[in-house]
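Worksheet: the structure to be examined is printed underneath.
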């Protein structure tokens with residue numbers, strides 16, 4: 001129970017304190033060992049700007065009775081150069097805890113490999129968990145952290161990335177999202193929203209409806225693909241948070257329905273926008289790979305102002321020549337994959353390529369024309385409009 005608080009701010013400060021991990025009751029804690037090692041464990045990344053309510057969300061999840069064994073990775077800041085990170089799990093009424101010392105506040109940098117190995121070792125030593133929640137620092141890039149798990153899944157790991165949740169503070173979110181960095185780079189809060197599969201607009205009771213509408217519009221213009229929920233004190237139904245399956249090979253039908261609701265964002269003042277287009281017909285697989293690699297790897301595609309386009313997130317449903325299945329493409333930063341769905345195209349007349357890009361300096365017209373020019377079945381890959389030399393590294 002919360003102690004008596006004199007102000008809303010005091011209550012929020014208490015809620016943001018590091019949560020005390022509580023035992024999670026499980027009905028079936030004794031499972032067969034072999035089955036335990038077959039099931040892959042989902043990892044949900046919880047990110048958001050400092051003070052948005054990430055820790056409050058974790059505390060809420062940990063105190064709910066959902067019959068799961070949950071491992072929690074908490075990000076704690078220290079005054080010195082080293083940061084301690086706690087790996088803990090509530091299991092059978094006992095709290096197991098190990099410490100992994102970090103030299104900076106970002107899991108994806110100097111401890112990229114060790115961080116993942118620590119999770120796997122913890123799982124082997126203490127037994128399997130039903131779920132892992134990873135809280136990133138307020139200044140971390142969740143895309144790099146997500147890539148770590150995505151790559152490891154390809155290597156046969158027994159954990160997989162389930163989704164990214166970004167918590168946004170209603171009161172200060174607009175300020176954070178529109179803040180301009182002197183070096184011209186994308187600010188951390190905007191990047192976190194751009195990469196989210198689920199966006200929680202938190203503390204909605206502290207702002208007016210007008211302020212909330214401005215924040216909604218800004219968030220949707222940055223990320224037209226993620227789901228948006230509004231919360232107070234980071235509380236929402238657990239089904240909205242756990243088991244998102246955002247990176248699974250979705251059926252073509254479900255992805256097609258989702259893409260139909262995504263539209264190109266109006267050009268406001270945001271540095272990151274969502275762009276989408278639909279091109280009828282099929283694509284050559286090799287040409288499609290070159291098109292994506294030029295965007296994600298070579299970064300040599302420019303907009304009308306001569307600025308390099310930076311794709312942070314990519315998702316789409318495409319038709320590949322000579323393949324009966326609908327193909328799903330998705331990517332984060334420099335990683336992408338093209339996989340078969342479980343749905344076949346009914347006939348050639350319905351074949352099409354639907355793509356959604358989230359990123360910086362994006363130009364829909366140039367992207368669409370480049371796609372048509374470079375990926376058409378009868379075309380060879382050539383230098384297309386907007387592709388006239390490598391961009392400088394970011």
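Placed from the backbone N, Cα and C atoms, the Cβ positions cover glycine too.
Since the structure is predicted, the reported quantities are computational estimates derived from the model, not experimental observations.
Swiss-Prot assigns the feature motif 'CXCC motif' to residues 106-109, out of the candidate ranges 106-109, 110-113, 114-117. Swiss-Prot lists motif 'psi-PxLVp motif' at one of the ranges 16-23, 24-31, namely 16-23. Of all the binding-site residues listed (48, 51, 54, 204), 48 sits in the most crowded Cβ setting, with the most other Cβ atoms within 10 Å.
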